[in-house]
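Quick look at what Swiss-Prot lists:
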- 1-17: topological domain 'Cytoplasmic' (TOPO_DOM)
- 18-38: transmembrane segment (TRANSMEM)
- 39-95: topological domain 'Lumenal' (TOPO_DOM)
- 96-116: transmembrane segment (TRANSMEM)
- 119-139: transmembrane segment (TRANSMEM)
- 140-146: topological domain 'Lumenal' (TOPO_DOM)
- 147-167: transmembrane segment (TRANSMEM)
- 168-254: topological domain 'Cytoplasmic' (TOPO_DOM)
Amino acid sequence: MAQPFEDWYKNLPIVTKIYMTGCVVTSVSVYLGLVGPLRLYLNFPLVFGKYEFWRLFTNFFFYDEIGMNFFFHMYFLVRHSRLLEESSFRGRSADYLFMWIFGSFLLLIMDAFLFYTKIVTKVLFLAPSIAFMVIYVWSRRNPNMHISFLGLFTFSAPYLPWVILIMGYLFNHDLTTDLLGAVAGHAYYFLEDAYPLISNRRLLKTPGFLKNLMDGQEQPIVDAHQQQEVQQAQQQEVQQPVQNFLNEDDLDQQ
C-alpha cells in the first residue's frame, strides 16, 4: 500500500508536490494542535500593525482541518495542477512557479482592496482562490478537452470554472474566494496567452533567479508525438465524472 503512494508522490511534478506537501503539513499541524488557524489566517491589521508578515504566506496553505472537505480540495487541486504542470508547463517549472507567485500577489492586492474598502471583510484564507486560479488557467489552456458531469452531460474544459460557480450558487455558498481566483486566473491567461498575440509583446517574464532556482527540476520537454500522447492520456482522465468535485463539501468556502 505504501509503495504505490510513494511512487505516486515521487512522480508528482515539483511545484505541485511542494504546494501539496505544504498544505498537508499545515493541516496536520493544526490537527495535532501544534498551531491554530488563528495564527495562520490573513489579517491585514495584524500584518501591518503587529508585523505578523507570515500571514501573507500561511493563508495560502490552509484549506481546512484534516477531513473530507480537506481531501476533496487536495484531490481536486493536485489533479488539475499536475495536469497543467505536465502539459503546457512541461519543461518550464520556473514559469509555473512564477504563475503561482503572480497569482498570489494579485490575490493579496485584491483582498486588501476589498478589506480596506469594506466591500468584503471575511476572506480569511486565499488557498481556495489560488486553487481556483489553477483550475481556471488549466481550463483555458485545454479548450478541446471535455468533462463528463454525473454522466448526464459533457462540456468543454473552459466551462469548468463556471460550472463550479453555478453549483456553488445553487448550494448557497459564498463565491468570493472562487471569484477572486477566477479574476487572478483570467489576468494571468490574458497577460501570458492573449496579450502577446494582440501586441506581439510579453509583459510577464519569469525572473532569472527563479529559473536558476528550478534548474534541473524541470521535466524534460517532449516532442510533438509524445506531447500528443500526454494530451490523449489527460483527455481520458478528465472524461471521468466530476461528481466528487462538484458536491457541497468540495464547494465549501472557508
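Note that Cβ sites are derived from N, Cα and C of the backbone, with glycine treated the same way.
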Tally the residues of the topological domain 'Lumenal' (39-95) by DSSP class, grouping H, G and I as helix, E and B as strand, and everything else as coil. 33 helix, 0 strand, 24 coil
Taking all residues of the topological domain 'Lumenal' (39-95) together, what is their mean pLDDT? 92
Using DSSP three-state counts, the residues of the topological domain 'Cytoplasmic' (1-17) come to 13 helix, 0 strand, 4 coil
Determine how many residues of the topological domain 'Lumenal' (140-146) DSSP places in helix, in strand and in coil. 2 helix, 1 strand, 4 coil
